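I have placed the structure first, in the form of structure tokens, so that the comments after it can refer back to it.
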Amino acid sequence: MQKIGIYPGTFDPVTNGHIDIIHRSSELFEKLIVAVAYSCAKNPMFSLKERLEMIQLATKGFKNVECVAFEGLLANLAKEYHCKVLVRGLRVVSDFEYELQMGYANKSLNHELETLYFMPTLQNAFISSSIVRSIIAHKGDASHLVPKEIHPFISKV
């Protein structure tokens, strides 16, 4: 059976930090599923279709990465793909507190599921989609924080 990991997120928008985690985690799995969450609770700046398209463009150079959109429980998506490992990024202590709870919740729904946490590289430690959205909303230039493939998306906002 193939070693498959899932890296879930809203990716609103995808950042250089996300791509760094995709790059590093894709080296650990035969296949990495990047799962773009519907997430109406977060009131996304970009539609699900746009977010999926952005992540597909930004990851087109990765041979073992597949991007999918999903709605519902991540634990169920993991079962569908026969995945036993979730990939998550941790920038700050508050991320850890949230991710620890989510990891336990996912494990309670799918007992085979483990969560693998990645720390960002130093140059990406401060980058978040929230910061990028804030810069964009205030008409600032966030192009240095996101992959070049998505510059057309952020310039339209």
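Here the Cβ of each residue, glycine as well, is placed from N, Cα and C on the backbone.
Record features, source Swiss-Prot:
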| type | residues | note |
| --- | --- | --- |
| BINDING | T10, F11, H18, G89, L90, R91, E99, N124, A125, F126, I127, S128, S129, S130 | ATP binding site |
| BINDING | T10, K42, L74, R88 | substrate binding site |
| SITE | H18 | site 'Transition state stabilizer' |
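Checking each of the binding-site residues (K42, L74, R88) against T10 (ATP binding site), the C-alpha distance stays within 10 Å for K42. Looking at E99 (ATP binding site) and K42 (substrate binding site), their Cα atoms lie 16 Å from each other. For H18 (ATP binding site), the same-chain residues 6+ apart in sequence whose C-beta sits under 8 angstroms from its C-beta are G9, F11, I55, A58, G89, S129. Taking Cβ-Cβ distances under 8 Å and a sequence gap of 6 or more within the same chain, the neighbours of K42 (substrate binding site) are T10, D12. Secondary structure at R88 (substrate binding site), taken from DSSP and collapsed to helix, strand or coil, is strand. Of all the Cβ atoms in the protein chains shown, 12 others lie within 10 Å of the Cβ of A125 (ATP binding site). In this structure the alpha carbons, written CA, of L74 (substrate binding site) and L90 (ATP binding site) are 18 Å apart.
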